[in-house]
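Input: a single structure, listed below in structure tokens.
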Amino acid sequence: MIRLLNNFNFSEIDNADPAQWCRLFQEAAAEFDVLLSDAQLNRFLMYYRELKFWNSRINLIASAESVTDIVIKHFLDSLTLIPCIPFPDGRLIDIGTGGGFPGIPLKIALNSLKVTLLEASRKKVSFLKSLRRVLNLQDMKILNERVEDLITQAPCPNRFDMVVSRAALKLPEYLRFGKELVSSHGVIIAMKGANYQHELEDVNDILEEYGIFLAEVRSLALPCTGDFRAILIFRKSLSRT
């Protein structure tokens, strides 16, 4: 279990002291063995500011969320996936990315990652395209599309090394989509909370039908909040051989 950073208080540094903001964020990320350069830290700070600005116009995150909520529950929560990324320069798709989570934090931390963000909301896509320009992120595609429509395209886009999502998809539905998008050697990563075991029970009977298996479960606690997270890693069954 990850050590909790109960002494961190991001709410005291809301835009007033960018250097301190970056320092504290760097220390928190290091708890997950994520080392960030000054350029990466500045990108996260710019991301935070753009998120706050756009959130006053469109619903990207809850309007009442504090600086601590944004940094911990969105930025750092996304970065917890880094140890689970088997191909740092591979192709990753983020289904229902919303405000860019977890895809954009992963892209900032792993610059060689080739990221595709999938989002059905036009307003959110406008934000994502603006953010891509502001942060000068390369090798990042943004698709204004529903995953249901994407998987029906011909030929089926079975081309991603990693499929991730923080969207509110039930696990059976997410795996149904994920199996159509992931490559034969790739992984489907599900980010879940404390009730993940109940969701696993719902998919036990369909994993064989889908041709996938649960390869690994990683559990951790987010800093400051102590919120429990379970990262479920699925692979295609043929990768066992």
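The backbone N, Cα and C atoms fix where each Cβ goes, glycine too.
Features reported for this protein in Swiss-Prot:
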{"type": "BINDING", "residues": "GLY96, PHE101, GLU119, ALA120, SER121, VAL147, GLU148, ARG166", "note": "S-adenosyl-L-methionine binding site"}
May I ask which residues of the same chain, at least 6 positions away in sequence, place their Cβ under 8 angstroms from the Cβ of VAL147 (S-adenosyl-L-methionine binding site)? ILE95, GLY96, LEU118, PHE177, LEU181
Starting from each candidate's C-beta and looking 10 angstroms out, tell me which of the binding-site residues GLU119, GLU148 has the most other C-beta atoms. GLU119
Around the Cβ of ALA120 (S-adenosyl-L-methionine binding site), other Cβ atoms found within 10 Å total 16
